[in-house]
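Visitor: My questions all concern the structure below.
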Amino acid sequence: MTAAQLLPVLVAGPLLGAAVLVATGRWLPRYVADVFGAVVAGAASALALGVLVATAHRPAAVEWVGGWRPRHGTGVGIVLVGDGIGLGLAAVVSVLVVTVLVYSWRFFDDPPPHQAGAFPALILAFQAAMCGFTLTGDLFNAFVFFELMGVVAYALTGYRVDEARAVQGALTFGFLNSLGGYSLLLGVGLLYAHTGELGLAQLGAHLDAAPDGSGTLVKAAFVLVATGFLVKAAAVPFHFWLPDAHTVAPTPVCMLLSGAMVQLGVYGVARLYWTVFAGSGALPEAAVHRALLALGVLTAVTGALLCWLQRHVKRLLAFSTIAHTGLFLVTLAVLTPEAVAGTALYVLGHAGIKAALFACAGILVDRFGNVDEQELHGRGVRLRPVGVLFTVGGLALAGLPPFGTGLGKALSEEAAGGWLTVLFVAVSAATGGAVLRVAGGVFFGLGSPPAEEDRPHAAGRHRAGGEEQHEDAETTGADEPEETRERVTRAPDTMVVAAAALLAAGLAVGCVPPLWSAVSRAADSFTDHSGYAMAVLYSTGQHLTHSPAPHWSPAGVTLGLLSTVLAACGAWAALRTVPSGVRPRWSLPLRRLHSGHVGDYVACVVAGLTLLAALVW
Amino acid sequence: MSILPYLVAGWLFLAGCYGLATSRNLIHAVGSLAVCQASTYVLLLAVGYRRGGTAPVFSDIRPGSRPVVDPVVQALTLTDVVVGATLTALLLALVVQVSKRHGTVDPDELRELRG
């Protein structure tokens, strides 16, 4: 059995595991279901890592499912491509899923009766969809996995169906992502009409052969498909589903959404560009650069501002994910192998750190039934180990060397260069600073506690009348449903260990030079347009000139330290000077834009589609 | 090949978006999303249409004897229908829960998640 033949197992294995859990979950005791889920996910991650290591120095593993190989460069078979970046992302997803399953052992104390298998089954289906999305070499299958990923994620977000806010957040998530999915499918339809192909490699080859025909159609197709992926990536103005979903979803689900799924949207855009459009004259490189850069800057700035303004800890972390997505897009806009390597390392480090931060926030939900920064002020003092982990996560998010996020940030700055360095430092400092502010206030009791009259009354807040809420648009973190039956007296070991392991993984990304050179090699072949087509259609490798392996540069270390210091100063200043709960008036229009209304959000998505089209033309 | 089906597809997508943006009832919004999806059916089938073509079933016609429409887009449309059915079912289930928990299905009254 070759490595290529194992690729379908990465998708089918977890899917089969999910089916078994759904079929037998009714009779299984809870721990059997949980252990089974973790074993299946663990086996899949071992397999993904094994294939990744085995094919590290060889051309991408390509599997035509059912032996439907292309003839003379065309064909309708289903193809899975395990190149460095795709397979690497599948491995990251699988490892994260294992951690999440371990974390959630102590998270839900009482699953609904006779449904012990429901949660692990959904998580496994989610894993299968994400792995499928990273491995597929076919645009229509990418749409199918995109939708599968979406549907499972809506169900997971609304997992606590008897909770009012959860179903509302899941519904918003569902509407926006499905709309993105249909935009993606319209684009796929246009590309098929133009070329008669669905495979990424065949599409690319076809567009190369007729470089100047039907520029408008090709551009329209790119805009529609990219919109679909950008909705998933939560780029502003397509991002409105993300904060709502993260506010209401169970914390383990947030870890997967923020750690992996959102980044797959960014991956989708990059994969689409390099395999399909990079060689065609119809879509100039400058246009793609302009579009990604503009959306990236908008996303990074909006995300960082709103992150700083939040008091609901999970929502704060959600906006920090949006800010970092913006940074990923800004880096990718450079369209070089170095930029892809930098983004890949940044995504790797971010996955570990962000999941760890959510894990810590989940412990707060567990312990206090509340994730409101102000109400929890000083109450987390007894959870010192969690506080330390949360603080370290905040420092890492700000780009502290030698964390993976710091390395990714340094390489991205190097690739993007110029005034964008300021953006990287400012956005990292703002998101890291917001996390440090929460850590200082909640876990170490720094700063002044909120005045008694400012303290929102937990029960009455949401029903306190529309007028007041319209005046001050915000989501408080009070009234979180308890996710464990009895509030635990100290943080459960599995949860703390999972958070610590994720942080350690984020640290390892910045400390292991062999990983950097592997990522660099993967980025070289990822950006090789014709090499991908050769590997997929003719199973031939292409000799590449490898770019030098990335490493820490003195400038990168200095800027990383600078943004960390800025973050710490910002957090300190916020804790010292700003009276709690008072937020600047200038931020009101921005906050009001997040109105919680599905219709407004759909209008923003359509506006974003128009904006993207204007940028590409 | 007429351009009309493509215009219809575009119009359906925009009409669905308009319905979603102005909806006063979540069930209506789910319906509007289905209208958006209908645009993808129209587009895909229009792409595969051949003038004078028949169904791509070769039990009673000789291959090559007369034009047939493109079977690939029909397979895509069928997959798309399955995706849409799953999605509509899930969204409607969520709407039922929203109605139970909030006592309303008017998006204007569901504004807890903001800012």
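Placed from the backbone N, Cα and C atoms, the Cβ positions cover glycine too.
TrEMBL lists these features:
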TRANSMEM  A:6-28  transmembrane segment
TRANSMEM  A:35-56  transmembrane segment
TRANSMEM  A:76-105  transmembrane segment
DOMAIN    A:137-427  domain 'NADH:quinone oxidoreductase/Mrp antiporter transmembrane'
TRANSMEM  A:142-159  transmembrane segment
TRANSMEM  A:171-193  transmembrane segment
TRANSMEM  A:220-242  transmembrane segment
TRANSMEM  A:254-274  transmembrane segment
TRANSMEM  A:316-337  transmembrane segment
TRANSMEM  A:343-365  transmembrane segment
TRANSMEM  A:386-404  transmembrane segment
REGION    A:450-490  region 'Disordered'
TRANSMEM  A:495-516  transmembrane segment
TRANSMEM  A:598-616  transmembrane segment
Visitor: Under 8 angstroms for C-beta pairs, at least 3 of them, ignoring pairs fewer than 6 apart in sequence. Is the transmembrane segment (A:316-337) in contact with the transmembrane segment (A:171-193) by that rule?
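Guide: Contact absent: fewer than 3 Cβ pairs fall under 8 Å.
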Visitor: So what's near the transmembrane segment (A:35-56) in sequence-distant terms, Cβ-Cβ under 8 Å and 6+ beyond its ends?
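Guide: That would be 3, 6-7, 9-10, 13-14, 17, 20-21, 28, 82, 84, 87-88, 90-91, 94-95, 97-98, 101-102, 117, 120-121, 123-124, 127, 131, 518, 521.
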Visitor: Answer yes if the transmembrane segment (A:343-365) and the transmembrane segment (A:598-616) have at least three CB pairs under 8 Å among residue pairs 6 or more apart in sequence, and no otherwise.
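Guide: Checked: the transmembrane segment (A:343-365) vs the transmembrane segment (A:598-616), no contact.
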Visitor: Give residue numbers and ranges for long-range contacts of the transmembrane segment (A:142-159): same chain, 6 or more residues beyond its ends, CB-CB under 8 A.
Guide: 119, 122-123, 125-126, 128-130, 132-133, 136, 166-167, 169-171, 173-174, 177-178, 181, 184-185, 188, 228-229, 232, 245, 248-250, 253, 256-257, 261, 264, 268
Visitor: Any residues 6+ beyond the ends of the transmembrane segment (A:6-28) with a Cβ under 8 Å from its own?
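Guide: For the transmembrane segment (A:6-28), the sequence-distant neighbours (Cβ-Cβ under 8 Å, at least 6 residues beyond its ends) are 36-37, 40-41, 43-44, 47-48, 50-51, 61, 63, 65, 80-82, 90, 94, 97, 114-118, 120-122, 124-125, 127-128, 131-132, 135.
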Visitor: So if I exclude everything within five residues of the ends of the transmembrane segment (A:220-242), which remaining residues of that chain have a CB under 8 angstroms from its CBs? That is, six or more out.
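Guide: Distal contacts: 139, 143, 146, 149-150, 172-173, 175-177, 179-188, 190-191, 194, 257, 261-266, 268-269, 272, 277, 283, 288, 291, 295-296, 298-299, 302-303, 318, 321-322, 325-326, 329, 594, 600-601, 604-605, 607-609, 611-613, 616.
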